[in-house]
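What TrEMBL says about this protein:
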type	residues	note
DOMAIN	4-120	domain 'MTTase N-terminal'
BINDING	Cys13, Cys49, Cys83	[4Fe-4S] cluster 1 binding site
DOMAIN	144-375	domain 'Radical SAM core'
BINDING	Cys158, Cys162, Cys165	[4Fe-4S] cluster 2 binding site
DOMAIN	378-439	domain 'TRAM'
Amino acid sequence: MDPKKLFIRTYGCQMNVYDSERMAEAMGGQGYVETDTPDDADMILLNTCHIREKAAEKVYSELGRLKDLKAANPDLKIGVAGCVAQAEGEEIMKRQPMVDLVVGPQTYHRLPDMVKSVSEGTKVVDTDFPLEDKFEVLKNRPKARRAPTAFLTVQEGCDKFCAFCVVPYTRGAEVSRPAERILREARELVERGVREITLLGQNVNAYHGEGTNGATWSLARLIWALNDIDGLERIRFTTSHPNDMSDDLIAAHGECEKLMPYLHLPVQSGSDRILKRMNRSHTAEDYLRLIKRIRAARPDILISGDFIVGFPEETDADFEDTMSLIRDVGYGQAFSFKYSTRPGTPAAERPLVDDAVASERLQRLQSLINEQARSVMEDMVGREIGVLFEKKGRMEGQMVGKSDYLHAVHVTAEGIAAGDLRRVRITGAGPNSLAGALV
Ligand code: SAH
Ligand code: SF4
Ligand code: F3S
């Protein structure tokens, strides 16, 4: 019998990317192989994101588009996974009756059983927060050769309850995986060709998992253990919260050779009044002091961030405080969003900022960030840095990789293979990437 074809479309954060990979592997055990188009699929899974209204609405428009496929092939099964599945559950089937399966982020280890029910014609909705560890149920990962970089989820969920955010509701309470399991998975990835691992968690630096010696390990302790794995060349982690930036983690940025000089540390706003209303439990000054300490440990570190503009009741003065914080920090990169009301969150009840005002603020903030990112890229020119090559570029003989600072770098030279980590002198900065030559 021909294998069945599975198409997964992934929205949202890196954690969803990792989850999609694990779901595809789980379905592999049921005789499914992945395909890169929905057109000939036997099963389509949308792994969804609920973080902003637009992200969530995308799911329904995508489901609308899939209607024709379902009409042409009544055997086609359609599933909705991820954070919209968790947030809306059965509502999804009410709005789109052609959906066969709704599965939240914490129960997809049950997918094989769910798919069996679905193929027998029974619809399934599973949005539990079960006690068992889905990754342990799915522990036998396929042995295939892999790309040089991989994600590895070490912590999930969030207990911080920022007033605007759905994550504590869609992903549940904060849970850390035991270190032994993470190290085992990391070693397996390295055996399959992975050279760089990005540790993932909604609050990854709050990691406090059971260590191999029975004690509780911090993220820094886990990073030091990963640092000992031969063949693993680079370690990254994302996303961090300012309040969980512990001393040992800051020190690791100065001392741990494989830990890359890049830190995504969202602050959301530079106004203390707004930070308070966001329930961030730190001030702008706390954040700036923290950045100073991190830079004292690792002067060349590239700082990245997230910002929300137009949070309820944000005034011009509040916004100017954010702009001033950005000028103080000097970001290498940042993501910024217009505030989006999320049902069920505390901020959803509050008066909105005029949309045109919010849009204008977003534009100003983004042009400041772009300016900073540009100048950080230009400062790379002339420097010699590490590049991990990932794939062929568009030009003949060209390879593309990522620098230590996570910039894309193009190099034209013979004898570079995907997975090679080489020293490169940066020769130019384009709009989205750097150019360089092997040293
Ligand atoms: N755990 C991470 C963030 C996860 S969500 C942290 O604490 O930083 C990723 C980003 O989406 C957030 O940093 C925030 O900037 C943005 N975001 C979250 N909820 C939002 C909302 N309701 N409206 C607009 N942006 C939002
Ligand atoms: Fe959301 Fe705040 Fe938790 Fe980040 S720390 S996931 S923004 S609630
Ligand atoms: Fe989106 Fe869920 Fe990630 S809401 S950002 S996919 S944790």
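Numbering starts at 1 and runs along the chain as it is shown here.
Including glycine, each Cβ sits where the backbone N, Cα and C put it.
Because TrEMBL annotations are produced automatically, they should be read as predictions rather than curated entries.
Predicted, not measured: the structure shown is a model, and the values here were computed from it.
Projection of TrEMBL feature records onto the structure.
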residue	record	DSSP class
Cys13	[4Fe-4S] cluster 1 binding site	coil
Cys49	[4Fe-4S] cluster 1 binding site	coil
Cys83	[4Fe-4S] cluster 1 binding site	helix
Cys158	[4Fe-4S] cluster 2 binding site	coil
Cys165	[4Fe-4S] cluster 2 binding site	coil
Message: So if I take the binding-site residues (Cys49, Cys83, Cys165) and measure from each Cβ to the nearest atom of ligand 1, which come out below 6 Å?
response: Cys165
- line: For the domain 'MTTase N-terminal' (4-120), the DSSP residue counts stand at 62 helix, 24 strand, 31 coil
Query: For ligand 3, which among the binding-site residues Cys13, Cys49, Cys83, Cys162, Cys165 have a CB under 6 Å from it?
result: Cys13, Cys49, Cys83
Message: Suppose the [4Fe-4S] cluster 1 site is Cys13, Cys49, Cys83. Which further residues of the same chain have a Cβ inside 8 angstroms of that site's Cβ centroid?
response: Tyr11, Gly12, Met15, Asn16, Thr48, His50, Ile51, Ala55, Gly82, Thr170
Query: If one measures from the C-alpha of Cys165 ([4Fe-4S] cluster 2 binding site) to the C-alpha of Cys83 ([4Fe-4S] cluster 1 binding site), what distance in angstrom results, rounded to a whole number?
result: 12
- request: Taking a cut-off of under 6 Å between Cβ and any atom of ligand 2, tell me which of the binding-site residues Cys49, Cys158, Cys162 pass.
  value: Cys158, Cys162
Statement: Rounded to a whole number of Å, the separation of the Cα atoms of Cys83 ([4Fe-4S] cluster 1 binding site) and Cys158 ([4Fe-4S] cluster 2 binding site) comes to 13
Message: Can you name every residue in this chain, apart from Cys158, Cys162, Cys165, with its Cβ inside 8 Å of the center of the Cβ atoms of the recorded [4Fe-4S] cluster 2 site?
response: Lys160, Phe161, Phe164, Val166, Val167, Pro168, Gln202
Field: Those residues of the chain, 6+ apart, with a Cβ under 8 Å from that of Cys49 ([4Fe-4S] cluster 1 binding site)
entry: Tyr11, Gly12, Cys13, Asn16, Ala55, Ala56, Gly82, Cys83, Val84
- request: Within 10 Å of the Cβ of Cys162 ([4Fe-4S] cluster 2 binding site), how many other Cβ atoms can you find? Include all protein chains, please.
  value: 21
- request: Provide the three-state DSSP residue tally for the domain 'TRAM' (378-439): helix first, then strand, then coil.
  value: 3 helix, 34 strand, 25 coil
